[in-house]
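A.B. asks: According to TrEMBL, the record shows the following:
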COMPBIAS  249-265  compositional bias 'Polar residues'
REGION    246-265  region 'Disordered'
TRANSMEM  6-24  transmembrane segment
TRANSMEM  45-62  transmembrane segment
TRANSMEM  68-92  transmembrane segment
TRANSMEM  104-127  transmembrane segment
TRANSMEM  133-153  transmembrane segment
TRANSMEM  165-184  transmembrane segment
TRANSMEM  196-215  transmembrane segment
């Protein structure tokens, strides 16, 4: 019979794989940024928010804070590296020193905050229970703030009755990620992992329900938009070809008139 710890480890490995997919989901965006040589209107806020979230979760999973959570460290440590790469690319392709300076200052504030949190927790809290409770509470607060982004997207979906800007596979991966990490936390009950991932599961489930509800209306809107574009192209082509036909018609009347005049003569 498989032990609960073995099942927990397997779930943690699956969780690492799914979370890695989610961390890598912005790669196409940065490929576009690299090709265009500019960040254009993209915001650095999502990557800065994910960076500090990963840093506090890495701190939470350390053996001196919450023993037995090494798989929390591996994925969030990887997330820190990935988000740093995104932010460096953002700095390289940003326009203007002011924007770069703002991003650097925000990143510096995040690093100082996590360093101070680690210092205070490790020096003032002398038990694993207190350390995990303090850092875990901070983790939950940052996770709740990160849910503001999906809520904004869901509000847009309801308003426009379109899921065009809410990718299905990203929502599905978020649901799978939430379920796996919630199950992982429930085997050896950890409320600080259970609460945010339970909320994440609920959020992803609502996204998928919205996707199923507005999928047909989205396809209809896309088809109508394509039809309008096609109609516009037809009108433009007709407007361009009309003067050409008129010009050709005018040129062909001359020989006919000449022929008629010759016969009359």
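Just so you know, the numbers here start at 1 and follow the chain as drawn.
Positions of Cβ are set from backbone N, Cα and C atoms, glycine also.
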A.B. asks: So what's near the transmembrane segment (165-184) in sequence-distant terms, Cβ-Cβ under 8 Å and 6+ beyond its ends?
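C.D. replies: Same-chain residues near the transmembrane segment (165-184) but 6 or more away: 8, 11-12, 14-15, 18-19, 21-22, 25, 71, 150, 153-154, 156-157, 193-194, 197-198, 200-205, 207-208, 210-211.
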A.B. asks: Please report, as numbers and ranges, the same-chain residues at least 6 past the borders of the transmembrane segment (6-24) whose CB is under 8 Å from any CB of it.
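C.D. replies: Residues 50, 71-72, 74-75, 78-79, 82-83, 170, 173-174, 176-177, 180-181, 183-184, 187-188 contact the transmembrane segment (6-24) from elsewhere in the chain.
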A.B. asks: If we skip the immediate neighbours and take only residues 6+ beyond the ends of the transmembrane segment (45-62), which ones have a Cβ under 8 Å from one of its Cβ atoms?
C.D. replies: 23, 26, 69-73, 76-77, 79-80, 83-84, 86-87, 90, 103, 106-107, 110-111, 113-114, 117-118, 121, 132, 135-136, 138-139, 142-143, 145-146, 149, 192
